[in-house]
Amino acid sequence: MVPQTETKAGAGFKAGVKDYRLTYYTPDYVVKDTDILAAFRMTPQPGVPAEECGAAVAAESSTGTWTTVWTDGLTSLDRYKGRCYDIEPVPGEDNQYIAYVAYPIDLFEEGSVTNLFTSIVGNVFGFKALRALRLEDLRIPPAYVKTFSGPPHGIQVERDKINKYGRGLLGCTIKPKLGLSAKNYGRAVYECLRGGLDFTKDDENVNSQPFMRWRDRFLFCAEAIYKAQAETGEVKGHYLNATAGTSEEMIKRAVCAKEFGVPIIMHDYLTGGFTANTSLSNYCRDHGLLLHIHRAMHAVIDRQRNHGIHFRVLAKALRMSGGDHLHSGTVVGKLEGEREVTLGFVDLMRDNYIEKDRSRGIYFTQDWCSMAGVMPVASGGIHVWHMPALVEIFGDDACLQFGGGTLGHPWGNAPGAVANRVALEACTQARNEGRDLAREGGDVIRSACKWSPELAAACEVWKEIKVEFDTIDKL
């Protein structure tokens, strides 16, 4: 037998309570390439040292508990314990610290986001010695990344499937989100797609309600897709929300979508759960379906600056769990999102290798080992006047979704879609010609209005609409 390595917690067992920092605060620790690293924003209770809080976070999210236990001597804590290896004060904040914790890779089940989160963001967030705790970032080492399949297809395969290159994709969430019959819903989908959109979308809370059962919606939306494709010669899609009360029902809906021949389905990954999401992602990969991911419930988790989980962590988790699209905020619309922070996690969704950059909130260098990227989706309170900023911010590999900004057009859904398509192509062309959309975007839109009455009408309706509030979660 291999002799056990004694640790301070296991040497000469003596019942009682010890400071966490005696075992779990190790400022001399050298981080391993295989360690999973976490950056926590801590707010200790008055009188509690930051080192004790950091050690408590490391302990309670790995091998530790509130008292010494004799079974510590039956394993090697040096091998399995989490370690708080650095603490730094948060500039400009009283009594807030960033605690860096390293976790041995063997603490986590391969390919399981559920197990990863159960440990790292589990009971420790209710720990009394902490007034507040927020997980700001994770470093997922290549050795652990390779245990995940990631997105079903990824950005490049999606473009190949729908045969669309050189510009962002256009979408629209059908409104009103609740209350339409399946046939009227399908009619709205058809009008938007024939007008020039690439995709339309179920809202996140459209599942299978009495006014519109899921199978009826799937059928009429599939009919709308085929009709619009025949008229336009373009590949079209509608994000059919397969989210359901059970995983079995969710897969049944995905099977139906596949049988109807539609290209893409949808899941609410936070309310549905990581286990269900990974199962659905695996089905989509095996059966050629794209998977659009909505982040409903995210703001409950990520919006407060000092407690919860930052969205960059939730975005990394989705990339591992699996999804081809993910809602990521707009910067310019009605939903929360600071520019540099948003661009930081958009890069974490799309790119293979992202350097540490604290100016964008990225605490660790992340290597995705060629895992397929996730296309960011900008949605929420945007309209044609926002198009130059959206193209400048997100580039081509993004889906820009205008719900009210399409369906609110004074002439109807199809003209609303035309207006958005014209605006997108005008801004893309202007950017490709070297024009500065940040400065000249308004001129680009006004020029395009001269040969698109649909765009001119949209610009007149929304010329005074702005959503300007301070961002709560700032760097």
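Just so it is clear, glycine is given a Cβ too, placed from its N, Cα and C backbone atoms.
Annotation for Lys175 (active site, proton acceptor): same-chain Cβ neighbours under 8 Å, separated by at least 6 residues, are Asp203, Gly403, Gly404, Leu407. The active site, proton acceptor annotation in Swiss-Prot covers Lys175 (among others), and the record cites sequence analysis as its basis.
There are 28 other Cβ atoms within 10 Å of the Cβ belonging to His294 (active site, proton acceptor). Per Swiss-Prot, the feature active site, proton acceptor maps to His294 (among others).
Look at Thr173 (substrate binding site): DSSP puts it in a strand. Residues or ranges marked as substrate binding site by Swiss-Prot: Asn123, Thr173, Lys177, Arg295, His327, Ser379.
Counting only same-chain residues at least 6 apart in sequence, those with a Cβ under 8 Å from the Cβ of Lys201 (Mg(2+) binding site) are Gly171, Cys172, Thr173, Ile174, His238, Tyr239, Met266, His292, Gln401, Gly403. Feature annotation from Swiss-Prot assigns Mg(2+) binding site to Lys201, Asp203, Glu204.
Among the features that Swiss-Prot reports, N-acetylproline is placed at Pro3, with the record citing sequence analysis.
The feature N6,N6,N6-trimethyllysine is assigned by Swiss-Prot to Lys14.
Taken residue by residue with DSSP, Lys201 (Mg(2+) binding site) is part of a strand. The N6-carboxylysine annotation in Swiss-Prot covers Lys201 and is backed by sequence analysis.
The annotation site 'Transition state stabilizer' is assigned in Swiss-Prot to Lys334.
His294 (active site, proton acceptor) and Ser379 (substrate binding site) are 10 Å apart (CA-CA, integer value).
Here the binding-site residues are Asp203, Glu204, and the one ringed by the most other CB atoms within 10 angstroms is Glu204.
A separation of roughly 8 Å, to the nearest angstrom, links the Cα atoms of Arg295 (substrate binding site) and Glu204 (Mg(2+) binding site). Rounded to a whole number, the C-alpha distance linking Glu204 (Mg(2+) binding site) with His294 (active site, proton acceptor) is 7 angstrom. A simple Cβ count within 10 Å picks out one of the binding-site residues Asn123, Thr173 as the most packed, and that one is Thr173.
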